[in-house]
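What follows is a set of notes on a single structure, which appears directly below.
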Amino acid sequence: MSTRDHVKQSPMPVQEGYPRSSKEFSPPSSRSRKRTWVRNLTMSLLIAAGAATFSKYIFPLGSILGAGSLQPIDPHDYAARADRILSTTPLIDGHNDLPYLIRLETKNKIYDHEKLPFEAGLLSHTDAKKIRQGKLGGQFWSVYVECPADPSAGIDDPSWAVRDTLEQIDVAKRLVDEYPDLLEYCETASCARSAFKKGRVGSFLGIEVHDLGVRYITVTHNCDNAFATAASTVAAGKPDHGLTDFGREFVKEMNRLGMLIDLSHVSHQTMRDVLSVTNAPVIFSHSSSYALSKHLRNVPDDVLRTVTKNGGVVMVTFVPLFLKVNDPASVTIHDAVDHILHVAKVAGWDHVGIGSDFDGTAVVPKGLENVSKYPRLVELLLERGVTDEQARKLVGENLLRVWSKAEDIAYAIQASGQKPNEETWSGRKWTAAADIPMPSMFNDSAERRKQLE
């Protein structure tokens, strides 16, 4: 059993000496009544003193447990309930494109606070003030780069993708370091919880490099790669081939590393293929319900049911086109609520989360204009009958459970002695400098080198 598993307390045993019936009870003497009174008074004083000491050191955990959070709340005071939920459970957003917006508008320069007034306020969806107003508890910062401009470019063709990805990882980490009172860089689920208890927003990276701190990989973006078919490819009328043979090996290696597999942006067949291969729960970092809006970026109900079996989580996005493909201009916060409730109805409350895509879309729903609006979203869900416990699962507990489970599976795989995967994709090109004299490792080295040409 993982050390992360909650320890279940056994039922309280029946205490010996208690009368089993009224017939076994005999009134105490006056002397015993006096001893009992003194003993009870002493115990009451000790308990009161202990409680005061306990509350002194435990309750003031930053913004986590304020004195008012333990007071009863009117069940119809949805705003107060939402506030308490977000003060005690980290709301973790699965996808925010602020690092890419910084790239576009400041060329990744963040230290001049007049040119990038992150603390004073930005016109876009995310800044320090909005984060505090929205009670954000954790954020996966997207460090993606775009697909090549030339659609015919293959995976072996030279491009700037690796360079730019490394730059995006760098700027995201520097942004976190620049605002240490607000943000805290994390690579584990336990760190995310710890940061929240300190009143900081756990900050995680989402793309494709584990040793550089990245903790989830979106299998494709808006173009196919060596691993799988993208949703945009199918939307363009091309075949849905799903996961490639190399993609299957890729999934196994992600399981070994403990990286979360993100199925947003992939085709429907890729979703099904990955779910048939992975040993770890998956995430959809920013997708919604296909049953409610027939956009190929959304998740069909049969996949939602498979996610339930897999143990994963679908994090509902706020992109209007995904919420109402036939009328995106009319989308409001209530449409986001509808998608959350549908995913919860089909997959269960253990398998739904929030993945806004703030700062990655020019248009947002009315009522969900930026990061500060999370409390209102939770409030509306409570008005629709969602329980506090269900809301806690939605805002962060589900994602943290999935993350911890992926880590546990990786520990087990690595403890078994499984080596890193050495497979490569079909048609992989290798290059070698033919004019540089090198020693030979084998008798047939010359033939081996010709195969690289």
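Residue 1 is the first one shown; counting continues down the chain.
Heads up, the Cβ atoms here are built off N, Cα and C, so glycines get one too.
Listed features, source Swiss-Prot:
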type: REGION; residues: 1-33; note: region 'Disordered'
type: TRANSMEM; residues: 41-63; note: transmembrane segment
type: BINDING; residues: HIS95, ASP97, GLU208; note: Zn(2+) 1 binding site
type: DISULFID; residues: CYS147-CYS223; note: disulfide bond
type: BINDING; residues: GLU208, HIS265, HIS286; note: Zn(2+) 2 binding site
type: BINDING; residues: HIS221, ARG297, ASP357; note: substrate binding site
Name the one residue among HIS95, HIS265, ASP357 whose Cα is closest in three-dimensional space to that of CYS223 (disulfide bond); these are the binding-site residues. HIS265
Taking 10 A as the limit, how many CB atoms besides its own sit near the CB of HIS265 (Zn(2+) 2 binding site)? 23
Going by a 10 angstroms cut-off between Cβ atoms, which of the binding-site residues HIS95, ARG297 has the sparsest surroundings? ARG297
With a radius of 8 angstroms around the mean position of the C-beta atoms of HIS221, ARG297, ASP357, what other residues of the same chain does the substrate site pick up? HIS95, THR218, ASN222, SER264, HIS265, HIS286, SER287, THR317, VAL319, GLY360
Return only the integer: C-alpha distance in Å from CYS147 (disulfide bond) to HIS221 (substrate binding site). 7
Rounded to an integer, what is the Cα-Cα distance in Å between HIS95 (Zn(2+) 1 binding site) and ASP357 (substrate binding site)? 5
Greatest Cα separation in angstrom, residues HIS221, ARG297, ASP357 binding substrate per the record, works out to 14
Once near-sequence residues are set aside, which residues in the chain of HIS221 (substrate binding site), 6 or more away, have Cβ atoms under 8 Å from its Cβ? TYR144, GLU146, CYS147, ALA230, HIS265
Measuring Cα to Cα, how many angstrom lie between ASP357 (substrate binding site) and HIS286 (Zn(2+) 2 binding site)? 6
Rounded to an integer, what is the Cα-Cα distance in Å between HIS286 (Zn(2+) 2 binding site) and ARG297 (substrate binding site)? 9
Which chain-mates of ASP97 (Zn(2+) 1 binding site) that are at least 6 residues away have a CB under 8 A from its CB, listed by sequence? SER142, TYR144, ASP357, PHE358, ASP359, GLY360
Among the disulfide-bonded residues listed here (CYS147, CYS223), identify the one with the smallest other-Cβ count within 10 Å. CYS223
Work out the three-state DSSP category of ARG297 (substrate binding site). coil
